[in-house]
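Colleague: Below are the features I grabbed from TrEMBL:
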TRANSMEM  B:12-34  transmembrane segment
TRANSMEM  B:55-74  transmembrane segment
TRANSMEM  B:80-98  transmembrane segment
TRANSMEM  B:118-143  transmembrane segment
TRANSMEM  B:163-187  transmembrane segment
TRANSMEM  B:199-220  transmembrane segment
TRANSMEM  B:235-254  transmembrane segment
TRANSMEM  B:261-280  transmembrane segment
TRANSMEM  B:300-323  transmembrane segment
Amino acid sequence: MFFDQDPVLLSRILTYLTLGFHAIFATIGVGIPMMIAIAEWMGMKRNDPHYTLLARRWARGFVITVAIGVVTGTAIGLQLSLLWPNFMQAAGHTIGLPMFMETFAFFFEAIFLGIYLYTFDRFKSKMKHFLLVIPVVLGATASAFFITTVNAFMNMPQGFEMVNGVVTSVNPLEAMFNPATPTKVSHVIITCYLTAAFVLGAIAATKILSGNKSVYHKKALHMTMITGAVFAVATAVIGDFSGKYLHEYQPEKLAAAEWHFETESEAPLILGGIINDENEVSYALEIPYALSILAGFSPDTEVTGLNEFDPDLIPPLWVHYFFDSMVFIGMYLASVSMLFVFMNWKKNWNAFNKPLLMMVVAGGPLSILAIEAGWIFAEVGRQPWILNGIMQTSEAATSSDHVGLMLLLFAALYTVLGVTCVTVLRKMFKRNPVQKEMHKRGIENYEV
Amino acid sequence: MTYEVLGITVLWLFLYGYLIVASIDFGAGFFSYYSKRTNKNHLIDSIIQRYLSPVWEVTNVFLVFFFIGIVGFFPDTAFYYGSALLIPGSVAIILLAIRGSYYAFNTYGAEESSFYSFLYGATGLLIPASLTTVLTISEGGYISIADNGDVSLLYGELFTSGYSWGVVILAVVSVLFISAVFLTYYADRAKDKNALALLRKYALTWAAPSILMGIIVFVLLGERNPEHFSGMMDLWWMFAVSFAAFLGTVYFIWKQKRLGLAVILMMVQYFAAFFAYGASHLPYLLYPHLTIYDGFTNESMAIALVTAFIAGLLLLIPSLYLLMRLFLFDADYVEGRR
């Protein structure tokens, strides 16, 4: 065949490819309904048709991304069994419940999304239509919740006993609500909202930068940046709790992320840098005590180092780069959105200046990159385990010889889907610019 | 009823749900493309779009529900079917992905594209063919299990067996029949006379092939798996009900009256045949390697799943009712007035 046959490695690459591609659409799939709901609410409360139009146009573009989210989500759902049959056999016994409930949440969302999209002009009461978007938000967020508990379980498996390789005495709720669940779930959900705010904000900023002075785009930018600032602060707080979780339950992941080798208190946090084969770090910025504080609120906290672990069972050290990228981008998004909100609040300051707008535009793709980096850190940081401490990834993969061929097929599929998605979205909004739609619907358009 | 039987019944019910809603969708894609090629698309396009647009996403969920549910209730199926079905499963995923996304691109995107609608039409017939592999291999004899426990699919056996091809053809013609019957009813509701005439013709065209293939597959299964076949013979009356319902459907379509009843009879036809097929397959999930008893999940998970299932239904049934009331039973919407 085409590759050196190693079903484990190829299965890992294919799973990453599917999840990495799905993550983009899943993230905005969870985040955008929230933004649509806020816009729709503002439009109703302020009786401002600009916000209602915002909700309508966002929803229209959103369907295209939902379609890809749905099909890639179906793909990963099936691929789990096809590529990791042994894992799913074990996992089915313990986390069948949240996976099952995820499909319910998805079902609920799918039904109401269909209704919401086709009833924009159908009801006289705006409230009725607004109420229809609530189940979409709830369904999207609930599916993120349930599926993330599955991932939390993989990091912190509990709620069952292993007797001679057989899963027994299962407690599904204990498996679902494991110690990793609170931080993981809240971090995933809030970053979905944050990413959606920045992706939509970047679109508005691009329009303004290209010379469009319509009040529509200014309102869009203002709204996304305020919500973005709120979500960014929440992300930082939850990120801090995640660090404390890792310190307590998965110290090898935190140590790998921070290149922390010796167990010590007053541990420094390492920013950036490069590591060589002898585990020597160069070009890094060290912040004294910060890691201890991140791990346990005080500089006296003793942080476990990598040297305590079996070298064959620690994650690869390159996860540090992804951890840092995620944190840096998170900080960047927080500063940009807060700066915008602050400048807009000050009289006589112009928040719509060119450099700031350009920074907002950069925030869109960067926020997606942060999602990817965060997931790579979270997943690779758990290696070599697929079920942390219980089942290694190499024991879980399929024995099939055809994974390489499937990898090529799926790579081609995602390329085609990605390219068409962008083309269709661009065409859609180019052909029906907002000025035209405002004119058509008799909404006053003025420039500010 | 034991949890095992309850579990498989619930899952079978969802698979049946998928069979109906997906067939309508798959067939509609094909008819839409075919009528475009024969320059009759103006007749039925709007009917199809009006029905499909709000429900396409829901259709997909039935399938996801089934394969997530089966791993939850019967985790060992993930091992056997997952190992064996890498290629057919992946092909099905790719086809579903192309179909779902290009439907959205075509419907909600900027413009209609004949290439997109070709993809939509062609995949509509290929997906049922690839999905039926699961039913085929469940009869046994298509997979081998090595001494170290590795499971693999015998492609030679699969591609040269009359039974597997019979199932594929049965699936395709059934898709076209189910879809045409439903769309005939929908066109009638929409008071669209031209669409009604065309779709009625499609329904009558595919009626004979679908029932004929049903009988042929029945006979082929007798050669393939005599044990299953004798189980089906014990349930002969269900197949008789199915056949009677089929005659009823064709009669009402032919006479062009009581089309709602025709749809219900068509659903009865497939319900009876599908459940008789499934019930006589028990206790095997994968003959002869896996039964519902040795592949079942632990009791606490079973209770949790059943509880979640009931809670989920309480949420879904009113929502589905709302969806149908707004888009299926709302005369103004169906007739295109809003």
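Any Cβ shown, glycine's included, is placed from N, Cα and C.
Whatever TrEMBL says is automated annotation, not expert-curated.
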Colleague: Residues sitting near the transmembrane segment (B:80-98): Cβ under 8 Å, six or more positions beyond its termini, same chain?
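Modeller: Those are 60, 63, 119, 123, 126-127, 130-131, 133-134, 137, 142-143, 150-153, 155, 285-286, 289-290, in sequence order.
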Colleague: When you scan the chain for residues with a C-beta under 8 Å from the transmembrane segment (B:300-323), skipping those not six or more beyond its ends, what do you find?
Modeller: 3, 6-7, 10, 54-55, 58, 69, 72-73
Colleague: Assess whether the transmembrane segment (B:163-187) lies in contact with the transmembrane segment (B:261-280), where contact requires at least three Cβ pairs under 8 Å among residues 6 or more apart in sequence.
Modeller: yes
Colleague: Sort out the residues at least 6 away from either end of the transmembrane segment (B:118-143), same chain, that have Cβ-Cβ distances under 8 Å to it, and list them.
Modeller: 22-23, 25-30, 32-34, 80-81, 84-85, 88, 91-92, 95-96, 98-99, 102-103, 106, 151-154, 157-158, 161, 163-164, 167-168, 170-172, 174-175, 221, 224-225, 228, 281, 284-289
